[in-house]
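Colleague: Residues or ranges marked as domain 'tr-type G' in Swiss-Prot: 40-215. Summarising the annotation, Swiss-Prot assigns GTP binding site to 49-56, 108-112, 162-165.
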Amino acid sequence: MNRQRLLKIWCLKKLGETHRCYSSAGDPTKLINFSEFTPEKIRNFGIVAHVDHGKSTLADRLLELCGAVPPGQQQMLDKLQVERERGITVKAQTAALKYQGYLLNLIDTPGHVDFSAEVSRSLAVCDGILLLVAANQGVQAQTIANFWLAFEKNIQIIPVINKIDLPGADIKSVETQLKNLFEFNSEECLHISAKSGLNVEKVLDAIVERVPAPTANVEAPFRAMIFDSYFDHFRGAIAHIVVKEGSVKKGDKIRSYQNDKSYDVSEVGVMRPEMVKCTEVRAGQVGYLVCNMRTVKEAVVGETLFAAETPKESVQSFAEIKGVKATVYAGLFPVETADYESLKQAVERLCLNDPSVTVTPDASKALGLGWRIGFLGVLHMEVFGARLSQEYDASVILCQPSVEYRAKIKDNENIRKKRYDGMEEVRILDPSKFPEESDVDSFLEPMVKVRMIVPNEMMGTVNGLCSECRGERGEISSIDTSRLMILWRLPLAEVAVDFFERLKKLTSGYASFDYEPDGWQETRLVKLTILINGKEVSEFSQILPAAMARDRAKTLVQRLKREIPRQQFEVTIKACIGSSTKALSQIVIQPMKRDFSQLLKGNFGGGGMERLNKKLSHQKKGKERMKMVGNIQIPKEAFLNVLKN
């Protein structure tokens, strides 16, 4: 099969259908010219799937078959170091492919639920998608979520069953699942092996035949939408665009709709999958544009770019790409306070490439200036931290994540006006701003609707986990003869941190899950405070539902015991609720003792024992005084290790 594929690539190259092109900035005649591809000859499509169903492998085979990369290359569209290390797709990537007289613009998307915003943003560019399902795993939770994302946008969906050459592949079962869940007939499903290349040519043919051409007008003045962007240290913000009308080339003058700024275009091109300069990017095509945008706020996702000579009043801006609301929040601080400014710049630039992140300034007595950052999940948070380290060489502290809560303030004008700026409902993200319980009618916590696909025999185990997480059971439906789809309504606080890890452990990795926001629910919130020798250390305070307080208290106290060095006096660590001094969990770190028997050289005769007891008595009284007035030495590393995720 590999020899046949290589032979086909060689023949296509001979016929001039496909070729790898390189450009020279100094010679315009050597730039790639895509003007031959009218909108009717363009197909913009994406690949969506659950994690580990073969998206990146299929993308590699498509790149090979279209001559964009040499055979044998792997993870060509996973360009970030964190993607290659973890084996997951984090950022959607594009590639322009030539195939039998057509220009196919491929958008590869992530599969993890934490990066659903990337999928949603990519679908704004696509006219069709490949819905990839592994034959040995079947339809999973994220498969269903991705289908409905595309269905709601009225995008053509092509079902593709991958990994058909594996011993555990069950093609008939997967076809039944696709029929029952999405009403796909078996004739619509393509059967492939992305790893070996089996039947991948049929995927390209199906894209040409089934995906509609983009709606575009080449004759109209230039108008395009930014669907992604990133910051280059030398060229500024580089915008990935889909051109809806007209064309753009080097030297053109363009304007942005929201910022109302004018720019001179210095470079245009396409991704193949690396950046390749072109003579122009025309209506219907997907490419990139460089125009000396020097601040990260100028290349926001969803921005409309148009020809500078076109009156702004006559330009129709594109519908805003809806952002996905953050689900978890965590403090982010530089390890060294002197690095604050450089880290601030790195955070701003990375947020340009990841607009789903929300940033607000924060400060800590122990850690200095920093930010409270909102993420779409814990994996999203970990990847953000890894990218700061790998791409910007930044050393950061990411604190324990939490979720947003709300408080309904009592209907009392004095309370609302004096303490809460007249608001009836306040957001709670920071423990230091936790409202007085006497001011609050009720607390609210965010809820999510969780969709899980589990083997039949593990339903009881999974239901037990969800009940333990304060959940409400929903519908149960059959996927096939061996698997069930279970719906539960759970508090986001239970899901956001370690629910998936616990689910995988209980089901030996056979379960998958996806979740979506499902309103708010009344709860009893508490502020967990840490007292060290009776003094509150605000950096360790946390807000959480009362049902989770005892377990979290034990964890924090144990961490602190490991991190705080022994002192000359006894140190008592207590975890309490609010201003109460009653401990949920308590540990005592015993003091260091001075061995007076060594000083007295073991000579206890002639009153030696009395002298020893006298010394020990003096030591005890001295330590009592130190405990009352002394400051406990808590090293900065203790804050880092206790607060970090």
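Using the three backbone atoms N, Cα and C, a Cβ is placed for every residue, glycine included.
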Colleague: If you count the C-beta atoms lying within 10 Å of each candidate's C-beta, which of the binding-site residues ALA49, ILE164 ends up with the smallest number?
Modeller: ILE164
Colleague: Mean pLDDT for the domain 'tr-type G' (40-215), as a whole number?
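Modeller: Here the predicted model's pLDDT, averaged over the domain 'tr-type G' (40-215), is 84.
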Colleague: DSSP three-state call for ALA49 (GTP binding site): helix, strand or coil?
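Modeller: Strand, per DSSP.
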Colleague: Hey, does DSSP put LYS55 (GTP binding site) in a helix, a strand, or just coil?
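Modeller: Looking at the DSSP assignment, LYS55 (GTP binding site) belongs to a helix.
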Colleague: Note down the number of other Cβ atoms within 10 Å of the Cβ of LYS55 (GTP binding site), including every protein chain shown.
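Modeller: There are 26 such Cβ atoms around LYS55 (GTP binding site).
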Colleague: What number of additional C-beta atoms lies within 10 angstroms of the C-beta atom of THR109 (GTP binding site)?
Modeller: 27
Colleague: How many neighbouring Cβ atoms, not counting its own, are there within 10 Å of the Cβ of ASP52 (GTP binding site)?
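Modeller: Other Cβ atoms found within 10 Å: 15.
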Colleague: How would DSSP class THR109 (GTP binding site) in three states?
Modeller: coil
